[in-house]
Number of protein chains: 2
Amino acid sequence: MANATGNVLIGQSGGPTAVINQSLIGIVEQAVANPAMGRVFGAVHGVRGILDDDLIDLGAESRETLEAVANTPCAALRSVRKKPTRGEGEKVLAAFERHDIRYFFYIGGNDSAETAHLLNELAVEKGYDVKLFHVPKTIDNDLRVTDHCPGYGSAARFVAQAFMGDNQDNRSLPGIKVDVVMGRNAGWLTASSALARQFSDDGPHLIYMPERDFDLERFAGDVDRVYSDLGRCLIAVSEGIHGPGGELIFKTDEVDSHGNAQLSGSGALGDFLAGAIKQRLGSSLRVRADTFGYLQRSFAGLVSEVDAAEAREVGRTAVRVATDGEHQHGTVVIRRTSQEPYEVAYEVAALSDVAKNTRDLPEEFLLGDNDVSPAFLDYALPLVGKLPRMGRLTDRSIG
Amino acid sequence: MANATGNVLIGQSGGPTAVINQSLIGIVEQAVANPAMGRVFGAVHGVRGILDDDLIDLGAESRETLEAVANTPCAALRSVRKKPTRGEGEKVLAAFERHDIRYFFYIGGNDSAETAHLLNELAVEKGYDVKLFHVPKTIDNDLRVTDHCPGYGSAARFVAQAFMGDNQDNRSLPGIKVDVVMGRNAGWLTASSALARQFSDDGPHLIYMPERDFDLERFAGDVDRVYSDLGRCLIAVSEGIHGPGGELIFKTDEVDSHGNAQLSGSGALGDFLAGAIKQRLGSSLRVRADTFGYLQRSFAGLVSEVDAAEAREVGRTAVRVATDGEHQHGTVVIRRTSQEPYEVAYEVAALSDVAKNTRDLPEEFLLGDNDVSPAFLDYALPLVGKLPRMGRLTDRSIG
């Protein structure tokens, strides 16, 4: 440690993903091996742990524990939804100074990038030398600049397998089924439901994403058309659907310190939509709603292998760029360098480029008002990995 | 087919499971190979297909299709929730006669056993010679006589992995979380949430099953106690919880022709319980609810290997006993012949023994009002198979 220029601190923030610990362990293993880096600490519950001086010694963890943690969903360091005030930012910097933290890695979504950005501006202002890196994760896949976000592939895989099964369920016992998928601002995760389709009449038959304004009457008309045609209808709906003015179709009153409304952890939107269908198309119809909820981001034992490997590599890359002499701060982004075979490169972007704002599905990935395009499927499939194949009887007549 | 004594008809009925098609294919492969059996037909949507003469030729399916179907969740023949009236039962028998059906296999739960029982009584009365067998499936695991039911192990595996992940989620972002699990009459599936625990403070911390009367005030008190102790609380609740008079805590108005109320396909119970907690313990608490819904019974690409193998074998066994000269009708039951190593035998029981009534969790599998016993875990673990191991940081102080 003779050459170490300071200690390392890592935090996790925002909603969990199935592979967020891969990034954590990627950082730890790379930092422990880096002679420029001193001790490797973890902040329990992100910035809250820094403010409360609740730090743990990650360098003391065994190889075996680190590997087990890498394969465990959600934040092993525990997470937080907190945007520090300026006063809190100053306390964070004071803690950095106290523990000689010269490298800070914050694993999270766009809100976490914003926190890193804020801390960086404060550090520059105070003349405290610390390298600040955001390490991306989000099942929403709505960070800007990057081709895709670690965490998305595994959540998309869960959603695709869930719809694959629910399509069989809906075919077994026909009716109208609404499945509500996570995604506050953008429809990336809801769009992945389309990966479930294998036969021409497979659902989801309708996919509603926040990129299009939602209208209840048009929705009921769409459902009626599919149901009349197929005798069943499977629908994917993003929790973030909203009317033309941007007002959410359904929400609770709760907001976090970033100003985000609570959408998940309630079945209310699905039940509301199921009720709206019955009201418009007939109360004797078999209409059901499921809200996939936290299972999408936390389910144990189901990951996309590509996603897990990339999440690890994004963590390792952050440590490498933090000591390459070129970067003082930034976020790691993934660039798709080849589609066939699928290949990626890891690069650095500015914190300000990913902070705060989110990225919608581009127009080319949408099809009409309620579907995704083949281009989206090409984009998403390599991130999710090989999906199970569904079998179907040929239904030959007995003659 | 010179010796064939008649044709075979197979139907699937009731709620889907992840392995109900294993039983279907087990019957088909065994029936096709059995010289006493003629052609092998499938009824589309169970008894409804028989009434509508919607039969398909299962003997004409390729080996490859059958294998793919076996590994596909939900009813490949499509299902139905229908209790035939006496008049309909007579029409079913007329269809049997028309197609020379001498073997009928009905894959389903206790309602399907009841249908088979009803058809058998009618056949005896009319003097029509047909061998009628019920082939068990239910994620609820609430059939009588049998040690456990095909379909349960896979659903229990889903529930265990879901709680394993949600426990990590709840630890990452602490709060109170209610997860509603299927199980109309009995708590078998909800109980399997306990398989998720690996560390001493792991959730689910409270498990509510229909075997115990549910009381909202006591519930709120339990939650308050755990939350005060751990700073978080993960709760498993059966959709079938009810008060001391048997009245459900929450339900919709819909009922099927067996008189069962609609419980699933709505997030209402979870939202109701989350609201009740906030109301009693404080509206500023972070309380969330998820309802696992149809994912528990249909999720694609996630089965218990033991469950899949047993579901196949139960189907094969039904065909064997139908031609052993000893049995005219019955249901296949599983007997656990050894716990360590886990071994089972397949036997025949009377239709009347499993029809209609269900089986609760026995007292020895319950612990107090809101937990399961170690004996339950010993019972359930071999059915679910090896579960993923969760890693955890040792949280060593930085000294």
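Backbone N, Cα and C atoms are what each Cβ position is placed from, and that goes for glycine too.
If you look up TrEMBL, you'll see A:ASP140 marked as active site, proton acceptor. According to DSSP, A:ASP140 (active site, proton acceptor) is assigned to coil rather than to any helix or strand. Under a cutoff of 8 A between CB atoms, and with a sequence separation of 6+ in the same chain, the neighbours of A:ASP140 (active site, proton acceptor) are A:GLY109, A:CYS149, A:TYR152, A:MET182, A:GLY183, A:ARG184, A:ASN185, A:ALA186, A:TRP188, A:LEU189, A:THR358.
Residues or ranges marked as diphosphate binding site in TrEMBL: A:GLY15. Remark: A:GLY15 (diphosphate binding site) has A:SER79, A:GLY109, A:THR138, A:ILE139, A:ARG297 as non-local neighbours, by Cβ distance under 8 Å and separation of at least 6 in sequence.
Residues annotated as Mg(2+) binding site in TrEMBL: A:ASN110. Following the DSSP three-state reduction, the secondary structure of A:ASN110 (Mg(2+) binding site) is helix. For A:ASN110 (Mg(2+) binding site), other Cβ atoms within 10 Å of its Cβ number 25.
Marked as substrate binding site by TrEMBL: A:THR138, A:ILE139, A:ASP140, A:MET182, A:GLY183, A:ARG184, A:GLU239, A:TYR294, A:LEU295, A:GLN296, A:ARG297.
Positions annotated as domain 'Phosphofructokinase' by TrEMBL: A:8-320.
Annotated site 'Important for catalytic activity and substrate specificity' per TrEMBL: A:ASP111, in sequence order.
Per TrEMBL, site 'Important for catalytic activity' is recorded for A:LYS137. Counted within 10 Å of its Cβ, the other Cβ atoms near A:LYS137 (site 'Important for catalytic activity') come to 33, all protein chains included.
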Mind sorting out which of the binding-site residues A:GLY183, A:LEU295, A:ARG297 are close to chain B, meaning Cβ under 8 Å from one of its Cβ atoms? A:LEU295, A:ARG297
For A:LEU295 (substrate binding site), nearby residues of its own chain (Cβ under 8 Å, 6 or more apart in sequence): A:PHE158
Work through the recorded positions one by one (A:ASN110, A:ASP111, A:GLU239) and name whichever has its CA nearest to the CA of A:LYS137 (site 'Important for catalytic activity'). A:ASN110
Could you tell me the C-alpha distance between A:ASN110 (Mg(2+) binding site) and A:GLU239 (substrate binding site) in angstrom, no decimals? 18
Maximal Cα-Cα distance (Å) across residues annotated as binding substrate, namely A:THR138, A:ILE139, A:ASP140, A:MET182, A:GLY183, A:ARG184, A:GLU239, A:TYR294, A:LEU295, A:GLN296, A:ARG297: 16
Can you tell me the CA-to-CA distance separating A:ASP111 (site 'Important for catalytic activity and substrate specificity') and A:GLU239 (substrate binding site), as a whole number of Å? 19
I'd like to know which of these recorded positions, A:ASP111, A:GLU239, is least surrounded, judged by other CB atoms within 10 A. A:ASP111
